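K.L.:
Found this in Swiss-Prot, in case it helps:
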type    : residues                                  : note
BINDING : 7, 8, 9, 10, 11, 45, 49, 147, 150         : ATP binding site
BINDING : 44, 66, 114, 115, 116, 117, 118, 119, 120 : UMP binding site
């Protein structure tokens, strides 16, 4: 059975919308029914950013802001894990070891962040590497894939296929490594993906059915090689 890791933007989970979340649940269950072994990682999204913004303006350290982001992502992950139950554990997992233990039982492991200084994108890449997954699906909200520049920049082009090096060049231009700001991908996650030869698909998951299209290479941007 092929393993696949699904990284879900926290902005897709919070604020929670029942119709969307049940459709997302059904697609994830459908992947399992279709013969895939699935692991899920959920980001902190707007929930994390709102908390982090207040704390940063209050002068709180980046290390503690990272902790706030982790806790926010785990709350989002807890929501999805409970929704996926009984085909998932009903609580967020907090380490690679816990993910592997749940995965070996045949359930869908659901996690948020693991540790300060590590984005949920990096968590997803590490999990994919550990599970031997070939593909990592990065579910975005309202963004079709990877663009040549910030999507709002005039002249920015959607790139359907690109290499790790091309993604790295784009990240240098558009990414910040501050807590709560891993909007596309980050260098730690990229280094893990590169060393393990992951195929990453960035795509708009405003419609959960797009997960199937991304898995087939019909949606979004594919990064590999």
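Using N, Cα and C of the backbone, Cβ positions are placed for all residues, glycine too.
Looking at the shown structure, can you explain where the listed features end up?
P.N.:
A helical conformation is recorded for residue 49 (ATP binding site) in the three-state DSSP classification.
There are 30 other CB atoms within 10 A of the CB of residue 120 (UMP binding site), with all protein chains counted. Reduced to three states, the DSSP call for residue 120 (UMP binding site) is helix.
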K.L.:
Taking the residues 44, 66, 114, 115, 116, 117, 118, 119, 120, which the record names as binding UMP, find the longest CA to CA distance and state it in Å to the nearest whole number.
P.N.:
14
K.L.:
Near the Cβ of residue 44 (UMP binding site), how many other Cβ atoms are there if near means within 10 Å?
P.N.:
32
